[in-house]
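K.L.:
To start, I am sharing the structure in question, which I have written as structure tokens.
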């Protein structure tokens, strides 16, 4: 009699089998701490836009009344798409390219995402380089943009102390003067007078070039070991900005005239709510602030364990992001109120958005405070930490997407591959360090993530709900979380979210305005180049379709049908999580019943296995109904 042998069917995929291990790609890895994922998402979503775009958008679109469309758009567009991205990433444990095993016909959507993220990463790190420049400039007893009389100043420069002293002559003098901080930014930092426009970039500004090199070095060191290293860095970069924001807020509201700014920021003008522009602006703010469509959320979720509660995390991150934006508005406008009182001008004359707020208006306000270098350093350090964790997400998205496509070759060399990507993007960003670099940055900012990003998100939403199927997607979430999404999520995914984003897309095209920087209008060729940037990411979708169809067999319609179905190995990455239709569909799968693996491993059935059994029963009932 021979000894009984354990059949191969019951061998756990996690068994240390030498032969099997040698054929499998290196493990992707997971988050090492419980809060890594949550803090990474918060750090990714809470970025520079919360500080320099939201407050300005709020006051120009009805003040406090803007919060009504803002929260409605958060509910319709923000939360549902956010949850969808996290669910796709966590269920499949794949990056933004490989996740299209869900429907290989639409893999071009993933390619479009990577193109958009790469373009954004190039200019976003340049903004971090500017922040580093100002951070180092703040390490002095007297801020360099405090007074006129430097070599970069012109005759138009007027110091605010002089304005205050000659208050009676204000109406005559202030209209055609320039603040020292504005000349420091444009004539010293950018040296924009050395360029006649976007076609004449001029020389490289070596101090900016070194700052850009430093920012890429910081980013590389933080993503060196993937989520294992960046997941630890975010404990500082995601939490420290809140400490500084609270300090700036307390300092701001204790200044004379602060209430004037806050009143200007929050006074509700409900007549604005009748304008479609306000609702579109609210949707745009939600869309870009949460970072949906960039692949960062999907990438972060792909490193989660299969049963992580992303439903709870969705609400924590999205509502936390909204509250941060509102808080930042108080911190910014309290200082602007003080500044307007000091200068004797209305608040709307000092309020700006974007780089104008971060590098001109707020630094000028800092010079009016006691201990101005200290407050300036704090402000720019906050911007640095806000920007860095968003940049980590962009880089992790690119690296993860490509390594998931070629796991056997690239995963063991992930650190080297990350270095190659960082060097390539640094070299592409060198044009931004020239004297005319700001023109290129504006062009990238206006076009790289415009309508192309919206097309990507709309397509993703439609493919998941219509092609893959709402029922199947809800079942996947049930298998993962133990419950199905409610009617609110299903209604948003099926109708409300795609319809809102379609309206955004149409509005953006109809209300298209050529790019400009100050009084400079971009030439036609630059506009065409910008539009091509957006169109190229959209063209990736039909190009991907052509490739997918050519790889199938049969008539054209048969090929399209086959390419739109999920790939054979689509589903949870670990065999022990694969139930129902996902059983034994992994390459080299040894176990047709992952439940047996679970029982051998844990000695019983957990609540998640009960869920798996329920899902299997549902699938069997549906199959019977279809066959009848």
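Backbone N, Cα and C define each Cβ position, glycine as well.
Unlike curated entries, TrEMBL annotations are predicted automatically.
Note that the structure is predicted; figures quoted are calculated from it, not measured.
What TrEMBL shows for this protein is this:
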type: BINDING; residues: 43, 46, 50, 289, 321, 386, 389, 390; note: Na(+) binding site
type: DISULFID; residues: 148-157; note: disulfide bond
type: TRANSMEM; residues: 37-55; note: transmembrane segment
type: TRANSMEM; residues: 67-88; note: transmembrane segment
type: TRANSMEM; residues: 109-136; note: transmembrane segment
type: TRANSMEM; residues: 233-250; note: transmembrane segment
type: TRANSMEM; residues: 282-303; note: transmembrane segment
type: TRANSMEM; residues: 315-339; note: transmembrane segment
type: TRANSMEM; residues: 374-394; note: transmembrane segment
type: TRANSMEM; residues: 415-441; note: transmembrane segment
type: TRANSMEM; residues: 447-468; note: transmembrane segment
type: TRANSMEM; residues: 488-510; note: transmembrane segment
type: TRANSMEM; residues: 530-550; note: transmembrane segment
K.L.:
Under 8 angstroms for C-beta pairs, at least 3 of them, ignoring pairs fewer than 6 apart in sequence. Is the transmembrane segment (109-136) in contact with the transmembrane segment (315-339) by that rule?
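P.N.:
Contact between the transmembrane segment (109-136) and the transmembrane segment (315-339): absent.
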K.L.:
Assess whether the transmembrane segment (282-303) lies in contact with the transmembrane segment (488-510), where contact requires at least three Cβ pairs under 8 Å among residues 6 or more apart in sequence.
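P.N.:
In contact, yes.
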K.L.:
Specify the count of other C-beta atoms within 10 Å of the C-beta of residue 50 (Na(+) binding site).
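P.N.:
Around residue 50 (Na(+) binding site), other Cβ atoms within 10 Å: 24.
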K.L.:
Check the transmembrane segment (447-468) against the transmembrane segment (530-550) for contact, please; criterion is three or more CB pairs under 8 Å, pairs 6 or more apart in sequence.
P.N.:
yes
K.L.:
Around the Na(+) site recorded as 43, 46, 50, 289, 321, 386, 389, 390, what other same-chain residues have a C-beta within 8 angstroms of the site's C-beta center?
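P.N.:
Residues close to the Na(+) site, other than 43, 46, 50, 289, 321, 386, 389, 390: 42, 44, 45, 47, 48, 49, 238, 241, 291, 324.
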K.L.:
Does the transmembrane segment (315-339) come near the transmembrane segment (530-550), with 3+ Cβ pairs under 8 Å (pairs 6 or more apart)?
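P.N.:
The answer is no, given that the two segments have fewer than 3 Cβ pairs within the 8 Å cut-off.
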K.L.:
With CB pairs under 8 Å as the measure, which of the listed stretches 37-55, 67-88, 233-250, 374-394, 530-550 comes out on top against the transmembrane segment (488-510)?
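P.N.:
Of the candidates 37-55, 67-88, 233-250, 374-394, 530-550, 67-88 scores highest.
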K.L.:
Measure from the CA atom of residue 386 (Na(+) binding site) to the CA atom of residue 148 (disulfide bond) and give the result in Å, rounded to a whole number.
P.N.:
31
K.L.:
Please indicate, using numbers and ranges, the residues of the same chain that are 6 or more beyond the transmembrane segment (37-55) and have a C-beta under 8 Å from a C-beta there.
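P.N.:
Distant contacts of the transmembrane segment (37-55): 31, 127, 227, 230-231, 234-235, 237-239, 241, 265, 285, 288-291, 296-297, 300-301, 303-304, 308, 313, 316-318, 320-321, 324-326, 328-329, 332-333, 353-355, 357-358, 382-383, 386-387, 389-390, 392-393.
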K.L.:
Any idea what the Cα distance is from residue 43 (Na(+) binding site) over to residue 157 (disulfide bond), rounded to a whole Å?
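P.N.:
Distance between the two Cα atoms comes out at 38 Å.
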K.L.:
Please report the Cα separation of residue 50 (Na(+) binding site) and residue 157 (disulfide bond) in Å, rounded to an integer.
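P.N.:
Residue 50 (Na(+) binding site) to residue 157 (disulfide bond), Cα-Cα distance: 31 Å.
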K.L.:
Cα-Cα, whole number of Å: residue 390 (Na(+) binding site) versus residue 157 (disulfide bond)?
P.N.:
36
K.L.:
Could you state the whole-number distance in Å separating the C-alpha atoms of residue 321 (Na(+) binding site) and residue 157 (disulfide bond)?
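P.N.:
Checking the Cα atoms of residue 321 (Na(+) binding site) and residue 157 (disulfide bond) gives a distance of 38 Å.
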K.L.:
Would you pick out, from the recorded positions 148, 157, 386, the residue whose Cβ has the largest number of other Cβ atoms within 10 Å?
P.N.:
386
